[in-house]
Amino acid sequence: MNYELTTIVGLGSGYLALLFGIAFATERGLIPEKIVRHPIVYTLSLGVFASVWAYYTSIGNALRDGYGYLAQSIGISLVFLLSPLLLRPLLELTRTYQLSSLADLMAFRYRSPWAGTVTTLVILIGVTPLIALQIRAVADTAGILSPELSQASMAFGFCVIITLFSILFGTSRRGSRTQHDGLVMAIAFESLVKLVAFLAVGAFAIFGGFGGMEGLEQWLQDNPHLITSLKETNYLSSFHIMSLLFFTAAVAMPHMFYVTFNENNGQRALSYASWGLPLYFLLLSLPVLPILWAGLQSGSEVQVEYFPVVIGVAYDVPFFTVLAYLGGLSAASGLIIVITLALSNMCLNHLILPIYQPTAQHDIYRWLLWKRRVLITALIWSGFLFRYLPNQQISLQVIGTISFTAGLQFLPGIVAILYWPQANKKGFMSGLGAGVATWFIFLTLPLLTEGDTLSLVSLNWHEVAAFSLILNSLFFVVVSLRSTSTDEERSSADICTLDTIKRRKRSGLVAKTPNDFIKSLSKPLGDKTANREVSQALKDLDISHDDRRPYAMRLLRGRLEANLSGLLGPSIARELIDGYLPYSIVSQHGTSDLNVIENRIEAYRSNLSGMAADLDNLRRYHRQILLDLPLGVCSLSSDDEIIMWNRALEDFTKISSANVIGSQLADLPEPWLELLENFIRDDAEHSYKHSFDLNGHKKTVNLHKALIEKSSDLGSSHEGIIILIEDITEIETLEAGLSHSERLASIGRLAAGVAHEIGNPITGIACLAQTIRDEFEDNELQNLATQIIEQTNRTSKILQALVNFAHAGTNQTHYENEIVIIADCMEEARTLIFLDTKNKDLQLHIESDPQAKISGDSQRLLQVLLNLVSNARDASQADGEVSLQASVNNDQVRITVTDEGIGIPPIIRDRIFDPFFTTKEAGDGTGLGLSLVFSIVEDLKGDIDIISPANKATGTGTQVILRFPCYHGDMESVNDSMNQ
Amino acid sequence: MTVYIPRPMLILLMIIYVLFLLSVDWINQVDGAWYRPFLVGFLVVIVASWSHRKQDSDEL
């Protein structure tokens, strides 16, 4: 096999240039977002796990272990098939707290920067051989294709291009928190290339190598030892531990953690990957056996692992050799790019930042970016230098096994994160120490000290791996149980553990506003960075810059810690937040953060099933009852933080619950603060008819309170207080109106009695005057008598009007049915109006058509006119003009009362006929006038209209229009129509 | 300690376990086709895709 040097280099460079192109096009938005964010792209990018190990090493594994080579696919597939048990909760955790690597996760859960540092170191030592393995595979295959090509220079060139790519598309000023779409797209493309290449080479092996399935079957029958070795079950001894190795690697290996959690764009993508990735690995495992057998049949002397590259040339179709080479290049480059990116973040956060942190004068983002770039370069080139170590004859399989066994040591720590809250830092560190020591002494040391492959095999690596895991777990469990966890550890265990929804303590913060946050964080981060981080956290939480609620400030603190954790790692972030944004008082009792618990249950709701889901439904039902209660409900914690503010209270106070929940009672605006504070301080549990002023309107409420009993005996006497606020303003107004009307009625009865009593002597006087007029012939005496009679008539009329007015609107059920001459009625109204001294300056113009007559009760119509004129007078200036007109039009009598007053505001126009609605000062009006007018007009078969403003030009004045059926005929017809 | 496992996941776990028990001997029969493990693998993927599609409606 001898390819031109230029062909190999050209192919490799061309392929990597294509990768650059895809990543560049994605970053520039040339590829539609629908494609970039599609779950299939995410699933394919997870194919980065199928490195040179799956591509080349599995061929050798298949020869040695038979079906045992499937252990890798089974291990990784199981993690994804069972993603709800491990990956989903971890994804939620890493997204919420911005944990970008396994070291971040360990440091976060075990609350120790050392946990992160040790994790980073172990992974760094374990993974460097894996990087070297990729570089070696690329150089080896290039060497097989073109023997005159220097493998060292090929590896060198490959490393240069990969370094450039990682730096350009894997690092950005935004740090590790953002997704790198270009990178993901390029990795997904690589996964697709290696799958297609491998499947094509596999198909070629069957059809090109054996002439089809029958040929293959025939060849296998001729070589029965191959089938026998394939199905021998002696590989089962290492099969389980091998599967476990790859099961753990799916989370522990930095490249998988990075793509699975950091580049994930939603649970839906993970759901796709849960079956898509097992399918990918299944397809990738399928061609392994045909390629192996075709290679064996060809009699090639090349290392078994590199059969995919060999068979194309062996069967005279060089195209498949090139394809296989490109597939291998994809597998190697994808892994190196992602693994060095992930490792650079880990090294920065857990090895460099704990020792040296940039000062506030630095542009932190720029500083981090450059450090990350330097680290990526260092990591790739350390993999390159690894090839210069002795023992180059160690097989790819041994190197890979050592790497993955290092990752296995994190299995107990990872499982405990989700399922064992008692686990603590000491347990984790001692378990990891024991496991790693076993791994190093029995697996790695023999290799470094002139051991060779055989010595490793003689040590029986899978027994060492199992032993190290058992020792690790044993130390982990025993030390965790025998040592005590700190409060911090317990709190992070609560956050991480799936089934623990404990009541978290709530405390006040020294920083009270977002500006205080910026000021505090400016000291370590500098003004610019602090400003940017706080603004970003506020934006993430959708909280306003002016918010001062303690609850919002606690959320902001948590979000800042998470965001800084994505930038600087969880240990440094926690150190910064604890140091510069401390709690003022740590409450000891009764202040569990109910709002946070509630948010958490809401977020995890879909994870609840069975009785937990029933309990959640019950909780929601009870909460809904309180929220929808037509009474205002406000509940306060024992330290006066507002926990609940229901809808009725929102409507009544016009304060939205989103703005008030989580704030202190003292932050409430007046008059609510005074109202609630006084009531809470008061010993009484109920306060009835409590009146206060709200925006110039009198409001009346009934208040009730109850203490929320504490569930445990510790600490304060109660857990909080619940207050019910009942708005009784309308009932109160109604009651006041009724009692006013009752008073009016009694005054009316009094007036009627008085009028009756005065009426008798007046009648006597009138009789005597008539006698004098008729009996005496003296003209002067007759004149005097006539005047007395006129005056007594007038007095009688006034008294009669008074009596009628007093009777109207009371319980009188019998009304007169007579012909009412509107002009007379208007005159009578004038007489009565001017009796009131308030009306002495009023200019009342009366104009009536003599034909204007209606049938009905004149006294009731009089009452209507009096009320309307009286309202018109009240709305007008002291010397205002009011006109009263009556006309006949189309069998209708139209009466208008027009004033030049201020008019009726549109906002109250709909309510003016409501009983007890008044705009007058208390005591000046009952609010019954217009309502009475309305009902009387209806009784008289008329209708009423109001035009305001009456004068459109000046925007003033009101005109009330009454329309009644006109009377034409005799009284009988009137009676008939009334009866109908 | 209670761990909440979605029902489709339980069914999937059960199917994988039963398939494992039933298929080991079938796969290792001397005269059996070499691609039998892959048939079992495809079956598991089909069941898994059903089980995870059920969970999509359960989006957090």
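Keep in mind that glycine also has a Cβ here, set from the backbone N, Cα and C atoms.
Residues annotated as domain 'Histidine kinase' in TrEMBL: A:753-968. What TrEMBL records for A:6-27, A:39-57, A:69-91, A:112-132, A:152-171, A:183-210, A:239-261, A:273-296, A:396-420, A:427-449, A:461-481 is transmembrane segment.
A contact links the transmembrane segment (A:427-449) to the transmembrane segment (A:112-132), because at least 3 Cβ pairs that are 6 or more residues apart lie under 8 A. A contact between the transmembrane segment (A:396-420) and the transmembrane segment (A:273-296) is absent, since fewer than 3 of their C-beta pairs, 6 or more residues apart, lie under 8 Å.
Remote same-chain partners of the transmembrane segment (A:39-57), defined as residues 6 or more beyond its termini with a Cβ less than 8 Å from a stretch Cβ, comprise 72-73, 76, 80, 130, 133-134, 137, 141, 184-185, 187-192, 194-195, 198, 249-250, 253, 255-256, 259-260, 263-265, 268-273, 276-277, 280-281, 284-285, 305-306, 308, 327-328, 331-332, 334-335, 338, 396-397, 400. The transmembrane segment (A:152-171) and the transmembrane segment (A:239-261) are not in contact, since fewer than 3 Cβ pairs between them lie under 8 Å (pairs 6 or more apart in sequence). The transmembrane segment (A:273-296) makes contact with the transmembrane segment (A:69-91): 3 or more of their CB pairs lie within 8 A, with pairs spaced 6 or more apart in sequence. Of the Cβ pairs linking the transmembrane segment (A:239-261) with the transmembrane segment (A:6-27) and spaced 6 or more residues apart, fewer than 3 are under 8 Å, so the two regions do not touch.
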